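Feature list (source: TrEMBL):
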{"type": "DOMAIN", "residues": "11-454", "note": "domain 'Major facilitator superfamily (MFS) profile'"}
{"type": "TRANSMEM", "residues": "7-36", "note": "transmembrane segment"}
{"type": "TRANSMEM", "residues": "56-80", "note": "transmembrane segment"}
{"type": "TRANSMEM", "residues": "92-112", "note": "transmembrane segment"}
{"type": "TRANSMEM", "residues": "118-139", "note": "transmembrane segment"}
{"type": "TRANSMEM", "residues": "151-170", "note": "transmembrane segment"}
{"type": "TRANSMEM", "residues": "182-203", "note": "transmembrane segment"}
{"type": "TRANSMEM", "residues": "334-353", "note": "transmembrane segment"}
{"type": "TRANSMEM", "residues": "365-388", "note": "transmembrane segment"}
{"type": "TRANSMEM", "residues": "400-424", "note": "transmembrane segment"}
{"type": "TRANSMEM", "residues": "430-450", "note": "transmembrane segment"}
């Protein structure tokens, strides 16, 4: 039972201008794609007197689309220093400036007859998403009580899925997806930003940040009392003070210092593997295939956007379900189950695609595979991956860890977006083989190397990883052969 409605309201205020924007801005660009390409052509014709060739329009469009992950990568890199210097809450508030700039640029792009403004607007939108994807889970996990930490941090994934679905709905022709209204569709992301700017200032900063980073015990107690709705905070405060003592005298680490520190080796490997797998598992590419598969299944062209909303809703339903069960089921079973099921569905999907024209009911099996794949992704990998960096790193390493995770996430999103059309071209129906390999390898990694973090304090988790990081040294403590040989050659 949640003790206090303040915690629920904090989650909503952080989410609506946070990861909600990531999902929303990914999906609103799909509906007006053809109109924006026409706008690019007519603008160029007015300027130069000659129309653009189709391959140049395609190139300009791919620049527009790839500006988003490029901005995301920039946002992920600046998120770490922002979280350390400004605090978690202030960073989220300041982050809305990027969206306001983006909405202004895209809203006035047609009036100014400039498609470059749309590209720039997508870059700023990406910066906003990059910052919020890193700082929101950190802020929420640090503000949540231990037994609800997984569920609270996982709301980030639910807000992403909610943004995705709402973006698909608002992008329908009947709403803002028409030829006349697309600048308003692209500028509509200013609404969540304004809601967050109004609501979030009323809620407390992360208690852990106040105590461990700022050394302000009074503010920390006041924030805890608001969030918990109770004055009995002795055990939780004790844990935080122990954590503060453990990092006493240390400063916030830089990303490269994490790579150099042997005490953080397994934590870093775990989050690198899982952050990369989240984008390289092929979930986003399922959306790429959705329209084609639905068309093959005989769904009329004008009805396809409504069915695509169903795919987004799948992710929303599973991430909310995952929210409810993560603190009962644990992190490992959800990740393992998600990747194993995705591997299974990938095999069935490739078989179904190869038999699409031969067997009449195969398109329906392909459709089922798309929904099942997205459901499997939503139940585990989509949410748990974002929670892990908060749990496996201490307060001083956490912002740097999120910088590494965020950078990988956006780089891989860019990589998959660029490479997938070529993979489809070369492998045809078997284009899911690379994704299948990723899913199997990730499941094996989780099974053999990832410890469970459910219901443990941050210090207990650190201790478990410390044993892992230094286990190999204690085992190999007696053999000094190669080291001696090395020193003689020197």
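In case you wondered, yes, glycine gets a Cβ from its N, Cα and C as well.
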Report the listed stretch (7-36, 56-80, 92-112, 430-450) having the maximum count of Cβ pairs within less than 8 Å of the transmembrane segment (182-203). 7-36
Going through 56-80, 151-170, 365-388 one by one, which has the most CB pairs that fall under 8 Å from the transmembrane segment (7-36)? 151-170
Range from 92-112, 151-170, 334-353, 365-388, 400-424 with most C-beta pairs under 8 A to the transmembrane segment (430-450): 334-353
Beyond a gap of at least 6 residues from its ends, the CB atoms lying under 8 Å from the transmembrane segment (365-388) belong to 133, 137, 141, 149-150, 153-154, 156-158, 160-161, 270-271, 274-275, 277-278, 281-283, 286, 289-290, 293-294, 296-297, 310-311, 314-319, 321-323, 326, 331, 334-339, 341-342, 345-346, 348-349, 352-353, 356, 442, 453
Please give the sequence-distant neighbours of the transmembrane segment (400-424): residues at least 6 beyond its ends with Cβ less than 8 Å from one of its Cβ atoms. 65-66, 69-70, 72-73, 75-77, 79-80, 83, 126, 130, 133-135, 137-138, 252-255, 257-258, 267-268, 271-272, 275-276, 278-280, 282, 284-285, 288, 389, 392-393, 431, 434
